[in-house]
Amino acid sequence: CVFSAMIHDVDHPGVSNAQLIKEFDDMAQLYENKSVAEQNSVDLAWGLLMDTAYTDLRRVLFANDDEKKRFRQLLVNSVMATDIFDPDLKQVRNKRWERAFFSSHDDAQEGADLKATIVIEHIIQAADVSHTMQHWHVYQKWNRRLFNEMYRAFKSGRLDKDPSLGWYKGELWFYDNYIIPLAKKLKDCGVFG
């Protein structure tokens, strides 16, 4: 989970996946217009992790091929979970949440693994927007940086709409429709006690 949080925005281009797709960016073409920035982050970070310079780190992270496969699966799932605007991924995550917490499981270990995986995905989502759940000055700092990034994209022609025109209402919508429901899910699953 910590590794995913650390690498989830590696080489982020400063614009949304939708914009990369609209621009027919090479990265969008490579990843077939699906979770473009997220897949790029995973590929770059995984490639770096596989470098011989990180042999000792790999030995700590996974001791054998099965653990390596599971680690990569968790890494991919958790980083892909930060693509919160892909409706297909959102639907898949919601179905997996329902299956994990509201369905019976013949195999108790399989049920526990499913719960753990989906909770990790939701924790990384919370980490991705953690500035929204912290002290006011932290929220302002990171929100200002996000706004400035989006405003630069607008000024350079890489964003259609001036973010200053609806920033306040957009933030309220984001809290009501994403932050608060996410916080409720994490509370309800009991991951934090």
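Counting starts with 1 at the first residue shown.
Just so it is clear, glycine is given a Cβ too, placed from its N, Cα and C backbone atoms.
In the three-state DSSP classification, His8 (Zn(2+) 1 binding site) falls within coil. Taken from TrEMBL, the feature Zn(2+) 1 binding site covers His8, Asp9, Asp128.
Residues or ranges marked as Zn(2+) 2 binding site by TrEMBL: Asp9. Residue density at Asp9 (Zn(2+) 1 binding site): 14 other Cβ atoms are found within 10 A of its Cβ, drawing on all protein chains shown.
According to TrEMBL, the domain 'PDEase' annotation covers 1-152.
Across the binding-site residues listed here (His8, Asp128), the residue whose Cβ sits among the most other Cβ atoms within 10 Å is His8. As a whole-number mean, the pLDDT of the domain 'PDEase' (1-152) in this prediction is 94.
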